[in-house]
């Protein structure tokens, strides 16, 4: 590894391993070098993981961080990504420190780019499963790019990050919190809506500190679900008949800006994944009227 890349600094410990800012020696290009943590490094990497990760090299879109190379030696796997300095978490923290709110134009542009990246991957049957502000990168022109798409299925999502930090629950959809084992692209749509809400509110929408706290925070806003609202939910492994019953809150009282934005995220936060708006349908929502589609 050291022959090809000079590690400049450690920039993070993500869900899947350590990330370094590095320089490619023969081109001088600055890249993000992600060392994938493997459950048992002695056994080597399963062929399925290698296949899945190689598929990610085919994802080429302006809204997705490009995976330019996969390096595998001594049972270690490194992924070489284009380097983008800022992520949405740090972008929002910086705005907050400066006492500034995010402009409406940024919210619309970011939401459209986020849904475009999702639609591009979902149409190829690749899901993210771990969308959060930390893996949405913001370039100097305030365009966003999604990182870590597809790694969830390729590497498996651990319960803890590389250190012992627990993977955040704030963007996790209710079907996963309720123990549903089968899920699809709609999990990403829920996470995206939570992120869009956070950008507008300048604070996490559902900042739970445990799975039950996470569920109850969702229920307090959207109402406690039951079979009449979400078919079969009462049979999910973690559903309890003793759940407190909350009525839904009108989202317009939380988001006082553009009513089209409220309509869009309410459709993305539909409890029943089958009824939840898809990324593709989201892109043709009235909220994006007049905005040109983003081509590859």
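Glycine residues also receive a Cβ, built from the backbone N, Cα and C atoms like all the rest.
What Swiss-Prot lists as domain 'Protein kinase' is 5-288. Look at Swiss-Prot and you will find 11, 12, 13, 14, 15, 16, 17, 18, 19, 34 tagged as ATP binding site, backed by sequence analysis. Taken from Swiss-Prot, the feature active site, proton acceptor covers 130, and the record attributes it to sequence analysis.
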Across every protein chain in view, the count of C-beta atoms other than its own within 10 A of the C-beta of residue 17 (ATP binding site) is 21
DSSP three-state call for the residue listed as 'active site, proton acceptor': helix, strand or coil?
coil
Ranked by how many other Cβ atoms lie within 10 Å of their Cβ, the recorded positions 13, 130 are led by 130
Taking the Cβ of residue 19 (ATP binding site) as the centre, count every other Cβ atom within 10 Å, in any protein chain shown.
20
What's the CA-CA gap between residue 13 (ATP binding site) and residue 130 (active site, proton acceptor) in angstrom, rounded?
15
Please report how many Å separate the Cα atom of the residue listed as 'active site, proton acceptor' from that of residue 17 (ATP binding site), as a whole number.
14
For residue 11 (ATP binding site), nearby residues of its own chain (Cβ under 8 Å, 6 or more apart in sequence):
19, 20, 21, 32
